[in-house]
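TrEMBL has this to say about the protein:
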{"type": "BINDING", "residues": "Gly373, Gln374, Thr375, Gly376, Ser377, Gly378, Lys379, Thr380", "note": "ATP binding site"}
{"type": "COILED", "residues": "20-124", "note": "coiled coil"}
{"type": "COILED", "residues": "160-201", "note": "coiled coil"}
{"type": "COILED", "residues": "247-274", "note": "coiled coil"}
{"type": "DOMAIN", "residues": "288-625", "note": "domain 'Kinesin motor'"}
Amino acid sequence: MYFLVEVALKNKDEELNLIILELRKSLASLQEKLAKEESEKKAAVDSLAKEKEARINTERSQASLSEELDKVRGELDGANQRIASINDMYKLLQEYNSSLQLYNSKLQTDLDAAHETIKRGEKERSAIVENLHNLRGQHKSLRDQLTSSIASQDETMKQKDALVNEVACLRMELRQIRDDRDLYQQQVQTLTAEVSKYKELATNSSELEEKCLSQGNQIQILHDQLAVAERKLQMSDMSALETRFEFEGQKKLINELQNRLEDAEFKLTEGEKLRKKLHNTILELKGNIRVFCRVRPQLPDDCSSNQGKVVSYPTSMEYLGRGIDMTQNGQKHSFTFDKVFMPDASQEEVFVEISQLVQSALDGYKVCIFAYGQTGSGKTYTMMGRPGQPEEKGLIPRSLEQIFQTRQALQPQGWRYEMQVSMLEIYNETIRDLLSTNRDVSRIENGVAGKQYTIKHDANGNTQVSDLTIVDVQSSREVSYLLDRAAQSRSVGKTQMNEQSSRSHFVFTMRITGVNESTEQQVQGVLNLIDLAGSERLSKSGSTGDRLKETQAINKSLSSLADVIFALAKKEDHVPFRNSKLTYLLQPCLGGDSKTLMFVNISPEPSSVGESLCSLRFAARVNACEIGTPRRQLNMRTSDSRLSYG
């Protein structure tokens, strides 16, 4: 019995536990519902508050919109009233415009009459000027003509005074018209601004704005016409004043010329000193070897080609006169140098560019100018010119003429100069003296039976060639004779590229020693002018036998020159000057304190474009080389008469 009761109690306990669990679950769900209802209630309260606030804002916005609507209606009424007043103003402007047109026609008539008067005055002035030009050389007759001219001038001045009075009246009327025009322009601008402001409210205002703009354009046209009339009147004043000033200028001209003549000698001396200082300062600061490029013109015997034009010149201001473009196989190669001479450049134009450099040799500097390029590109023509044709003289004869002319001009300043020249060629790596009297021996192929010439450099950077013939000269005529003599001795030969091809490197050297007797200043300058043999390809030159040996020697020496340039450009410790006689002779010019200029000569033939590109690339390397700063030679003249190369 007890056991049954215990079982029943246990069952009841389990049932109660189940009921408690269900009640707990119900309590949890009720709590969740309560929390959810509270959040919803809170959200509803927030929403109600927002709706109230929105309704209040809406009511406020509605009130402000009503006020703005009333305000816009008032402004619309005002705009309509302004439009009516603008229409009235437009009618008045039309009436005033018609009156302006009538007045403008009257003004034009007056201006035509003034022009006729001015033309008569100009004709009289022209007659006076013509008489002055014809009778300027005769002083007595000039006075007679001056009297009659003064009478004519008085008459012209009377006419001018009448024109001035009339112009003053016209100017006052023009000023009044301008003031009225400016006032109406301001009114039109104000009305145009108001019309554009209320354009959305009144569509008819656009038509009125177009009419106002049209009226403004008409007023602007009138303004331009008035300005033209005023300029013409000013020109008439100026022409009358010029007539009077011309008489006064004639009186002052003689006095001014006398004053200029007195100042000329002083300015010439000071200008020469300043020129030397500025020119030498510029070249001393530049440090690089300067490079000029010259393109020879097409020759009648140049072979024709379908490749078209291969050389062109940029036209931009940055590269004008300094740039050159070479086209090969459709690809353009651009180069920039210190100066580029086109085919139509004359010998005189080329020399003008180097004249100051040549001049610095008289100032005590070492100067070196050499021509580089392929065979037939015009190197010898640039340096020597064409014999028997004075207008086509080359750089060497022109330089000599300038030196001797300047030498003569510097004598009043106390300068006395002594000149010595020598000429040699390097043929097949052998030095030949072109001024030697024993030509036959000196031209033996390898110098076995001739003199052995050696090149020496001293500590001051001067170069001497042993046993070389040196000649004292006193005039450019003497040097011209020596040049002709050297040209006959120089090695030339015929190739497929050139009828008279230079087969050697020609070196002309002038040593200049100057002493100023008043300042006791002494200078020593050296001028080296070098015509290099032309580079060529065996496939084009067709050289055989002796010509083949010459070509190989030329190309080897030019290759050594390129090696020296590349070493200088890379600033290498060792520069192979001793690899050839040419580079060893030019060592002070390329790596010392000389002012050096290179001419790269280019042929415009399409068949030569490959060799021309090689020359231009080499010239660009040369232009990038940095050498020593040019140094003025102030040493005393030594007893050694041998000429030094710089």
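Cβ coordinates come from backbone N, Cα and C, glycine included.
On a predicted model such as this, the values are computed, not experimentally measured, just so you know.
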Seminar exercise, completed: For the binding-site residues listed (Ser377, Thr380), most other Cβ atoms within 10 Å of the Cβ sits at Ser377
Problem set entry | Lowest local Cβ density among Gly373, Gly376, Gly378, which the record lists as binding-site residues, within 10 Å | Gly378
Problem set entry | Neighbour tally for Thr375 (ATP binding site), based on other Cβ positions within 10 Å of its Cβ | 25
Exercise. When you measure from the Cβ of Gln374 (ATP binding site), how many other Cβ atoms are you left with inside 10 Å?
Worked result: 25
